[in-house]
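As recorded in TrEMBL, the features of this protein are as follows:
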COMPBIAS  1-18  compositional bias 'Basic and acidic residues'
REGION    1-40  region 'Disordered'
COMPBIAS  20-29  compositional bias 'Polar residues'
TRANSMEM  50-68  transmembrane segment
TRANSMEM  80-111  transmembrane segment
TRANSMEM  131-154  transmembrane segment
TRANSMEM  204-223  transmembrane segment
TRANSMEM  243-264  transmembrane segment
TRANSMEM  276-302  transmembrane segment
TRANSMEM  349-374  transmembrane segment
TRANSMEM  386-403  transmembrane segment
TRANSMEM  409-436  transmembrane segment
Amino acid sequence: MSEKQDHETTKQVSDEGIRQASSNPSETEAPTFERDPNRKWWHGIREPGHALQIVTAAILAIAIGLAVTSTVGSKNIPEAATVIIGIPGVLWLRALRAVVLPLIICAMILAVQKLREMSTGGGAVVAKWSIAYYVLTTLLAIVHSTIAVAVGWMRLMQVMDAESLEVTDKDDQKMINERTETKIHDVVKQMFESFIPQNIFSSLANDGLLAILITSVLVGYLLKPNSPLLRVVKEVEEIITLIITWLIKAAPIGVFFLILPNLFKLDIASIAQNLGVLIGSALVGMFFHLFVVLPLLFFAVVRRNPYSYWMKQSPAWITAWGTASSAATLPVTMKCAKRSGIPDGLAKFTLPLGCLINMDGTAIYFPAVVVFLAATQGHVLSGPDYVIIVLLSTLASIGTTPIPSSSLVLTVMIATSVNVPITGMYAVVVAIDWFIDRFRTAVNVSGDLFAAPIIQKLSKVEDDDVVSEEEGVVVTDNNDRV
């Protein structure tokens, strides 16, 4: 080997503060990395798209929004101002959602290929653990939410007068009538039909994510390792990665202009006791799940500090809070997971799957809303009613699409199944759903990120495509920076 080939190269990775040092940059050896010892945690504020920038943007938007709303009043803010201010955020969100479908397709195809390369049955083990874990956490979320609401929060809710329960707006009545027509068997039928696309191009056009995911898994399984189509998929994924990298750098701007106009809609003075209890019960349930249940599972299996790990994933859950869409956040979620040392193949399989079926935040919200609708009209729920709520909430949370406020229709279905009439209070739930939806999405995305290392540990997956945050190492099998 010539001296020219033996020379050492050093490369500064600015966006992670990591130095790359390779003693032999050949195809057979992956580069090694060292963290810059002079780098402080706050230096990241100068880097485009850094978590500190996203946090700062979110805090500024909340502060400005609350200041304007409390001073002027949400009803006095011109609608045109809210719409125009929100344009940069909407454009950024549209760009994120535009890459979701090709990202899911490429990720699932390549993930299945990597899982097939494992020892016999390795891919099946990952799939089984993924589904089992997601269903388990969903059930835990629903059970502790139902118990908390039934035992504690319901006692704080007051029965409303007839005037408050009456639906006076014609549009609200039309909406309630349409959603009341949704039956349990229709939801079950639609969920199973969504597994198999009748027209794959129609699913692509209409964001039929579950059908696309299953089709991608099938294509990935049938493709041969040396297939020209597989090389095309890899090229497309590299292009998507470049686009996602640019979008993440623009995340602080996007998050700021998504949050600010939504806070202009918040009428603080109109939050009465019942509505405050609903919001409180939902948020406390989500925080309990996020800071107690999931960390306990994480520590029990992975034996690492769950809170430190969660904080390092802040770009993902802050973006989720800003966009209120698990699907739109998926590119950021996958990038964070890879930087945390999650094997590439496992991340590409578990995270898109979790984006579609792991809806812990949504699962927590269902019992809270149903009990709220019942308590405000003096309707007493029985033990069997709560069992039905748990079962239907599990089904509904898995069947919910990862787009903003998609759970509103299923809430009506669950309520009518336990004979809770839909009154004018449902319009109140709809009015504040945009606010709660952001926390639901943040919990959903956090649940996916907690799940990845747990599933990795349980399934004993090893992969050469690793990015380790703890050791300051960023290594990919194609020598690309992550």
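Every residue gets a Cβ built from N, Cα and C, even glycine.
Where the annotation comes from TrEMBL, it is an automatic prediction and has not been curated.
Proximity of distant same-chain residues to the transmembrane segment (131-154), defined by a Cβ-Cβ separation under 8 Å and at least 6 residues beyond the stretch ends, is recorded for 277, 280-281, 284-285, 288-289, 293-294, 297, 353-354, 357-361, 363-368, 371, 375, 381, 386, 389-390, 393-394, 397-398, 447, 451, 454-455, 458. Long-range contacts of the transmembrane segment (80-111) within the same chain, counting only residues at least 6 positions beyond its ends with a Cβ under 8 Å from a Cβ of the stretch, are 204, 207, 209, 212-213, 216-217, 219-220, 223, 230, 233-234, 236-237, 240, 243-244, 247, 250-251, 253-262, 264-265, 322-323, 325, 327-331, 334, 344-349, 351-352. By number of Cβ pairs under 8 Å, the transmembrane segment (243-264) is matched best by 50-68 from the list 50-68, 276-302, 349-374. Counted over residue pairs 6 or more apart, the CB atoms of the transmembrane segment (409-436) and the transmembrane segment (276-302) come under 8 Å in at least three pairs, which marks the two as touching. For the transmembrane segment (276-302), same-chain residues at least 6 beyond its ends with a Cβ under 8 Å from one of its own Cβ atoms are 137, 140-141, 144-145, 148-149, 153, 156-157, 309-310, 360-361, 364-365, 368-369, 372, 429, 432, 435-436, 439-440, 443, 446-447, 450, 453-454, 457-458.
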